[in-house]
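Report on the structure given below.
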Amino acid sequence: MRTIRRSQSLMDRLPDPVREFLSRRASELTGLGLLALMIAVSVALATWSVDDPSLNNATSGAVRNWLGRPGAMIADLLMQLIGLGVIALLFPPVIWALRLIRFHLFDRGALKLGLWVVGIAATAAVASALPATPRWPLPTGMGGVIGDGLLFGSRNVAGIAGNAVGSLVGFIYAGIAILAVTAAAGFGFVTDEDPLPDADDADEGWVDGEERRDDEPGIAVILIGWLAHGAMALRAAILRRLPHPPQPAVDSGLLPHDSAGRGRREPQFGEAPVNRRGPPEFDPEPLPGTRPTASAGRPADDFDAPFDLDDEPQDLRDLNAPRVAMPRAAPKPGKRMQREAQPSLLDRDSFELPPLTYLAEPKKTAANTVSADALEQNATLLEGVLEDFGVRGEITQVRPGPVVTLYELEPAPGTKSSRVISLADDIARSMSAVSARVAVVQGKNAMGIELPNTRRETVFLRELLASQDFEATKHKLALCLGKTIGGEPVIADLARMPHLLVAGTTGSGKSVAINTMILSILYRLKPEECRLIMVDPKMLELSVYDGIPHLLTPVVTDPKKAVVALKWAVREMEERYKKMSKLSVRNIDGFNARVGEAKAAGEVITRTVQTGFDKHSGEAIYEEEVMDLEPLPYIVVIVDEMADLMMVAGKEIEGTIQRLAQMARAAGIHVVLATQRPSVDVITGTIKANFPTRISFQVTSKIDSRTILGEMGAEQLLGQGDMLYMAG
């Protein structure tokens, strides 16, 4: 007590000019120190790196922060706690420091400090309400731990779930943050009747600013009170309009609109962890948005919803046509499996098609391997990635498939397709994907972005051969090529192609595709309906088919003998054209139909031919030629490796292939050409011009993709059967 009394007496004894001088210098020094501290904190935050050593990151690497290890620790602590709320942390103290330096004033200190803390917390909550970008390196939201806690804690206290209410909470925190930060900086306390103090009042303002002004609250405090009162009234009105309290499924984030929203779903503080692998508990009543569309005889609002749809307006597309398409179910099995299980006693044909039991049975997999929530989050993340690269647009539809998922992007007006296509590698990097393929969707104002699934599904040939699509198809030479992006079976007709060019690197699935095409023919057509000529210079892939009744010749492995086999196919083509010209038909289908009709009716096909001239009269002599014709089978020439044949006899091979490709369609002779080296010396311009239908598996470069397809894209395939099919 004596010390305090002595100090007061010393201050009282000082002259007024000296006391005023010391007070001003103390204010200036305090302002300079505060300003220097804020500058240091700003530098530490500006050079903050998540890889720097901190309280939760022990590393021996070099410190990137300009203020060294202390700056790295302080910056990391602030970013972990309040995230982007550091803006509110820096702004008011800088204003305080400037006012202390110039006006030597810091009035209402306790109130400003309190509003400063409120502004920091509210700004952090607003930052947490914003969707996090892929560049945000922390596991929390952009408002840190405090922001996430305030935001989701407020939602839990309100007892309402939904994007609309979540946005309302974010707007309330935004208003609180703006008012609190501006008031803490001193902008909301001065009115027209209360001018700025002059230098003469600096002493009183520094010593005891609370006693200098009256006790009436400022404009900022009044506005904060009005905002809080309005928020409480709005919450009460919403609760009154709710017919029932939210169900547990609503609290756990299982509503469709939670997944369809553009914001991300953050974990709520205080809630128990959810077991994602366990069986979820669903209400017996379907949730809104998951029920089928109301029929014409039933009103659309004839169901009970757990909340009023008018309170949370949603896009009609989210309710009636969600952009995440459901995965396509497995193809429906045909009747062939039933016939093979119970064969008929009256069916005594000399040749029997191989049973499907020889093939591996498809495994039982879950119908929906990827949840709709995960696909919706990926779509939202993809939109953010595109916006980072300056591409504005909207993901209108998501189509999950066995291997990749197709995201249909509807770009904003004025966006060039070539610019989006050139960003394929950047999109794959930003989405943490192996590769990405971008192409224009034909017939739509949309661009397709294909991203690989985390778990790829195996496509079994038995499933396709046993499907109704393959059994009921009217294709002459039906080939099972696989499944589309949406999981639909792809069944092509080799007779309409009429020739097929296949290319791909080693291990990309080219040989598996060739075997799939061969088995598609063997499981559908008999030897009298289709014959095969196989050329296998590698002596590995097609040698297993040696000895089957469909072969016209043993599997050709010698490149020199392959030239002989191809020349025989050319001669057979010419002979067939002569036979068809005798019957005046255009193609092999007309020829076989004419021969079949004659055999069914017991007729003998004859034609009148001129054999010479009469020696006496000089008139032409005509005779009836009896034609003993049989139905002609289709002939499929399969060349597994074109590069080896071109190296041995390039000119002869190219000439025969060209002649077959140009003329053999009507004669029922079709060529399947495969190569693992799609260079211009193997696939020449002549061959490309006569092979309009092409299949490309994964290739090594864009040049190879242009060679086989005429455009880029094959170099971005995933391999192991992932292919691009270009129909002629």
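Backbone N, Cα and C atoms are what each Cβ position is placed from, and that goes for glycine too.
The secondary structure of Thr506 (ATP binding site), as reduced to three states from DSSP, is coil rather than helix or strand. Long-range Cβ proximity for Thr506 (ATP binding site), meaning a same-chain Cβ under 8 A and a gap of 6 or more residues, is found for Gln676. Per TrEMBL, the feature ATP binding site maps to Gly504, Thr505, Thr506, Gly507, Ser508, Gly509, Lys510, Ser511.
Under the heading compositional bias 'Basic and acidic residues', TrEMBL lists 259-268.
The compositional bias 'Acidic residues' annotation in TrEMBL covers 302-313.
Annotated domain 'FtsK' per TrEMBL: 487-706, in sequence order.
Positions annotated as region 'Disordered' by TrEMBL: 249-340.
Non-local neighbours of the transmembrane segment (29-50) in the same chain are 57, 64-67, 71-72, 74-76, 78-79, 86, 89-90, 93-94, 96-101, 137-138; each lies 6+ residues outside the stretch with a CB under 8 Å from one of its CB atoms. What TrEMBL records for 29-50 (among others) is transmembrane segment.
Per TrEMBL, the feature transmembrane segment maps to 77-98 (among others).
Per TrEMBL, transmembrane segment is recorded for 110-130 (among others).
Annotation source TrEMBL lists transmembrane segment at 165-190 (among others).
What TrEMBL records for 218-238 (among others) is transmembrane segment.
Nonlocal intrachain contacts for the transmembrane segment (110-130), taken as residues 6+ away from its ends with a CB within less than 8 angstroms of a stretch CB, comprise 81-85, 87-89, 92-93, 96, 140-144, 146-148, 150-152, 154, 166-167, 169-170, 173-174, 176-177, 180-181, 183-184, 186, 210, 220, 263, 266. Here the binding-site residues are Gly504, Gly507, Gly509, and the one ringed by the most other CB atoms within 10 angstroms is Gly504.
Ser511 (ATP binding site) falls within a helix when secondary structure is assigned with DSSP.
Counting residues 6+ beyond its ends, the transmembrane segment (77-98) has Cβ neighbours under 8 Å at 31-32, 34-35, 37-38, 41-42, 45, 48, 54-56, 106, 112, 116, 119-124, 127-128, 138, 140-147, 177, 180-181, 184-186 in the same chain. Around the Cβ of Ser508 (ATP binding site), 24 further Cβ atoms fall within 10 Å across all displayed protein chains. Residues Gln676, Phe697, Gln698, Gly719 surround the recorded ATP site, their Cβ atoms falling within 8 Å of the Cβ centroid of Gly504, Thr505, Thr506, Gly507, Ser508, Gly509, Lys510, Ser511, which are themselves excluded.
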